[in-house]
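Feature annotation from Swiss-Prot assigns domain 'Core-binding (CB)' to 16-121. As annotated by Swiss-Prot, domain 'Tyr recombinase' applies to 169-354, with the evidence given as sequence analysis. As annotated by Swiss-Prot, active site applies to ARG210, LYS234, HIS306, ARG309, HIS332. The active site, O-(3'-phospho-DNA)-tyrosine intermediate annotation in Swiss-Prot covers TYR341, and the record cites sequence analysis as its basis.
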Amino acid sequence: MKRELLLEKIEEYKSLMPWFVLEYYQSKLSVPYSFTTLYEYLKEYKRFFNWLIDSGISDADDIASIHIKTLENLTKKDMESFVLYLRERPSLNTYSKKQGVSQTTINRTLSALSSLYKYLTEEVEGPDGEPYFYRNVMKKISTKKKKETLAARAENIKQKLFLGDETMKFLDYVENEYEVKLSNRAKSSFYKNKERDLAIIALLLSSGVRLSEAVNLDLKDINLKRMVIDVTRKGGQRDSVNMASFARPYLENYLSIRNKRYKAEKQDVALFLTEYRGVPNRIDASSIEKMVAKYSQDFKIRVTPHKLRHTLATRLYDATKSQVLVSHQLGHASTQVTDLYTHIVNDEQKNALDNL
């Protein structure tokens, strides 16, 4: 979703919310939570508050009128009834006969509610310096995680990674082969953004940064001489991230045409730009997701920018066998998250089995 539309939707949801959710929203902006995360959370709150009214737990006439005492007094049984409602309610998708929402959606809903309850019971300070209330019913509600071993998850992800020489083959395909099947009209659009698209893909594949980190890069954040970018990690921490040298020519090509192609002026500080009717803007996450999906599907298999992050992490682990190094590259505080890559790179285990 484009940033302008996203902010418009956020304002629409905010206009429906009770005062304590608006306080929560303002607080999380300072963390900072991304607008995308806050948008998803507001959607979940609307769903939950509508249920409170429809089920008779709240006698409010509308969402904005829901009293904070209603949240304080919710019982474990109430929350379990809400989860059951999510599991069994008719699907809103007219093309599906499946009842209820997925476990992933339920987990996201519970995560959003846990965040709100933590704010209300621990983080906020009322006039007396204390939280609004102390009873956090969400601590009694557990989420059901998908049962899947790391090995099974790794095998599933592995099919969607561009490992070995496929990293460079993918870039070469976008640069030299993708355009062959395009119409003249499609070629015109492709040529306009070719250098930029290649630079973005190369940056993701060479650094493993998150999509949001790439989107928020400014010109001042990139040092091609040292092949380093400065990014804002989750939680607002600044970090310097190394890039593999294969990305340099793609980034140099883009920077050489950036100002003229996208009509960039001094005030246009964003690294990656899009241009519409002569006005340059920072490219948004949705545009990059669509771009990566388009090229990757034509090359081999449709993937997301996050799979390009997995690609870099897997290749780096394969080359170094160091989970610490990989976790530092990805911006993780713990090596636990990188356990996945040890299972993707499991040739030694397979070779041992072959020798039995």
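Just so you know, glycine gets a Cβ as well, placed from its N, Cα and C.
The shown structure was predicted, so the numbers you read here are calculated from the model rather than taken from an experiment.
Within the model, the domain 'Core-binding (CB)' (16-121) carries an average pLDDT of 89.
Listed active-site residues near ARG210 (active site): HIS306 (candidates HIS306, HIS332, TYR341; Cα-Cα distance within 10 Å). Annotated pair HIS306 (active site) and HIS332 (active site), C-alpha to C-alpha distance, rounded: 15 Å. Across the structure, TYR341 (active site, O-(3'-phospho-DNA)-tyrosine intermediate) and HIS332 (active site) are spaced 14 Å apart at their Cα atoms. For LYS234 (active site), the same-chain residues lying six or more positions away in sequence with a CB closer than 8 A to its CB are ARG210, GLY331. Around the Cβ of TYR341 (active site, O-(3'-phospho-DNA)-tyrosine intermediate), a 10 Å sphere holds 24 further Cβ atoms from the protein chains shown.
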